[in-house]
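As structure tokens, the structure follows; a few thoughts come after it.
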Amino acid sequence: MADDIRILMCPPDHYDVDYVINPWMEGNIHKSSQERAVEQWKKLHQTIKECAIVDLVKPAKGWPDMVFTANAGLVLGENVVLSRFYHKERQGEEPYFKAWFEENGFTVYELPQDLPFEGAGDALFDREGRWLWAGYGFRSELDSHPYIAKWLDTEVVSLRLIDERFYHLDTCFCPLSGGYLLYYPPAFDAYSNRVIEMRIPPEKRIIVEELDAVNFACNAVNVNDIIIMNLVSRTLKEKLAEAGFKVRETPLTEFLKAGGAAKCLTLRVTEPILPDVHATVSIESRVIRMEGHLLDAGILNQALDLVVENSGSFRVLNFNLGVERNSTSSAEVRVSAPSHQIMEEIMTELIDLGAVPPPQELCDINTETVTQGGVAPDDFYVSTIYPTEVRVNCEWVQVTGQRMDAAIVVTSNPPSARCVLLRDLQVGDRVMVGVEGIRTIKKVESHEGGTRKENKEFAFMAAGVSSERRVELLVEQIAWEMRQIRDQGGKIVVTAGPVVIHTGGAQHLSHLVREGYVHALLGGNAIAVHDIEQATMGTSLGVDMQRGIPVRGGHRHHLKIINSVRRYGGIRQAVEAGFISKGVMYECVKNNIPYCLAGSIRDDGPLPDTEMNLVRAQSRYSELIQGADMILMLSSMLHSIGVGNMTPSGVKMVCVDINPAVVTKLSDRGSVESVGVVTDVGLFLSLLVRQLQQLTRPYSLAETL
């Protein structure tokens, strides 16, 4: 027996499943056998007594879960951090455990009343005493970890639980002697699994399969080379034996009904202390402020969910609800993260939702100077599509050239900020790093949920369940907006792929160009080639556009077209020479509509007009979309995503594709101001032209007054 190891237990005199506070209790209320529970507890008690000293705390009537002493607190040396139970059903246990600790000479530390921490159920010392593994996500809060590190003077490693079946750390994680670890990886998020793998070498990690995990194999008591646990598989026993451990199985089925096993029924009150281990915690906290229709537009819920989904924790410090229907609300929220890296990721996404630091916190953003052309500092802030302001010389400065996936370069005299692509960074540029001192300016979503309505519409169409009537309704709205934009002198840009030509949409797109609904055309080599092929030879990719069947030798048509245009020197020259007499490119030339054809590695030819320098093509695209009010994206995922990344917030984007994944992909890239239409692009253009023709009178602002 190990005389230096003491374990606290509590007899199950009043044990029963009286309520449901975890998934294991569901369906088991009052279905536990008191007789079998006592029998199983006594067997566990006897098994532990053979290898350690067992102390007992007297059970209190009315608190059936007091038998699970692992949740009494966390002990190191003469100090104990008392538990703050998450559920009211267990909060009455706290004074009984506190009394026992004080009677036995421990110094008791108590967390704030509203900060849950459930003791050694969510905090497990490395068996070598090197650090403390601390769980959070269901019962314990991340913000409790700095207190624990301070009071127990130890390093705390935070792990986030994501499977509600494993609501406490000790249900899926068991540090073993010799630096080994018994655990169930799917119970943790990706970041926590990386942390575990960085701390524990592969040969020391013993992974538990789900069959053993749900039988609480990880909820085991380890005393030196002995592991006391519920019944487990032969495979797991062999793994443990290979690592040098002796497994002692004892059935604990009655306690599984309440979501506990061997470890839950025990609390080790003698933990190893290393003199060179001191308080260390990587947790970082920041306060953010949000304003707007936080509740009815779902902004606050979205922000809080974002924090949790990214391994963080939060506490709402202050919330002021708007008193009128049109009033805005405000909130101050403290956000905590297990590391600086995670905090930066969370803050980057919160900024996109309009979160800002309290005004008194920051005067200037952090910057680093570029030392190598075309290379940003490691921690540079990546811009988004939303209008952005940054703090320069203690004032908010509007960022110019707003677009996605760029760095922000600032100057102090005069104060300015602009988005710059990585390749355009110059030595000496001051680039913003981190996420402090930045905010996005987003339009306030009304209580009517205007933006949300569009998002729902987008999701409905992208789900692939739209009817033809639904498409027609969307086309009517799009046509009306296009008419307004044209008649008010606005700008509409079209990004189109060759499918427009293949589906018979060339005549309709030509009509839009001719009638002044297109002010710039973006695409690739293919749309121009097949448009000219259709205009001059009546085929597209060798298919007769009238009969819909391939023609003999049609597979060579596009190469003949490329060769002919190259002979003339370009598309404009071919139009002027009369070789091209109709089609999309013809109308662009005749109506002086600028276009850019961006090349790719698969292009045949290419046409002389095709820009094969990708950097120059991107720059030209960016120039042509400046000042756009609407962008039509017609069956070209690659070009559409590229354009979406260059487009600032506020520009209406209409994505048309037969594949729902394309419009979803566009949304995932951050192009949230989008309307998705899942339909054949040729049909869409036909409906659009018909609807525009029905709007016979020019839109006039005067007529509405």
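Here the Cβ of each residue, glycine as well, is placed from N, Cα and C on the backbone.
The annotation active site, proton donor/acceptor is assigned in Swiss-Prot to His168 on the grounds of a curator's inference. The 10 Å shell around the Cβ of His168 (active site, proton donor/acceptor) contains 29 further Cβ atoms across the protein chains shown.
Among the features that Swiss-Prot reports, active site, nucleophile is placed at Cys264. DSSP classifies Cys264 (active site, nucleophile) as coil under the three-state reduction.
The 10 Å shell around the Cβ of Cys264 (active site, nucleophile) contains 26 further Cβ atoms across the protein chains shown. Annotation source Swiss-Prot lists L-ornithine binding site at Asn22, Asn71, Arg90, Arg139, His168, Ala258, Cys264.
The annotation L-arginine binding site is assigned in Swiss-Prot to Asn22, Asn71, Arg90, Arg139, His168, Asp170, Ala258, Cys264. Remark: Arg139 (L-ornithine binding site) has Phe85, Tyr86, Pro116, Glu118, Gly121, Asp122, Tyr167, His168 as non-local neighbours, by Cβ distance under 8 Å and separation of at least 6 in sequence.
Cβ neighbour count for His639 (NAD(+) binding site) (all protein chains, 10 Å cutoff from its Cβ): 23. Annotated NAD(+) binding site per Swiss-Prot: Asn525, Ala526, Asp604, Ser636, Met637, Leu638, His639, Asp657, Asp680, Val681, in sequence order, evidence recorded as similarity to another entry.
The region 'Arginine dihydrolase' annotation in Swiss-Prot covers 10-269.
Residues annotated as region 'Ornithine cyclodeaminase' in Swiss-Prot: 285-695.
The site 'Key determinant for dihydrolase activity' annotation in Swiss-Prot covers Asn71. Counting only same-chain residues six or more apart in sequence, the Cβ atoms lying under 8 angstroms from the Cβ of Asn71 (L-ornithine binding site) belong to Asp65, Ser83, Phe85, Arg90, Glu93, Glu118, Gly119, Ala120, Gly121, His168, Cys264.
Per-site Cβ counts within 10 Å over the binding-site residues Ala258, Met637 peak at Ala258. Within 8 Å of the centroid of the Cβ atoms of Asn22, Asn71, Arg90, Arg139, His168, Asp170, Ala258, Cys264, where the record puts L-arginine, the same chain has further Cβ atoms from Asp65, Phe68, Ala70, Glu118, Gly121, Tyr167, Thr171, Gly259, Gly260. Each of the binding-site residues Arg90, Asn525, Asp680 was assessed for Cβ neighbours inside 10 Å, and the highest tally belongs to Asn525. Sequence-distant contacts of Asp604 (NAD(+) binding site), defined as residues of its own chain at least six apart whose C-beta falls under 8 angstroms from its C-beta, comprise Asn525, Val529, His558, Leu559, Ile562. For the pair His639 (NAD(+) binding site) and Ala258 (L-ornithine binding site), the C-alpha distance works out to 56 angstrom. Sequence-distant neighbours of Asp170 (L-arginine binding site): residues of the same chain at least 6 apart with a C-beta under 8 Å from its C-beta are Ala70, Ala120, Gly121, Asp122, Leu124, Cys218, Asn219, Lys263, Cys264.
Spatially close to Asn22 (L-ornithine binding site) yet at least six residues away along the chain are Glu164, Tyr167, Ala258, Gly259, judged by Cβ distances under 8 angstroms. Residues Asn22, Asn71, Arg90, Arg139, His168, Asp170, Ala258, Cys264 are recorded as binding L-arginine; their most distant pair of Cα atoms lies 18 Å apart.
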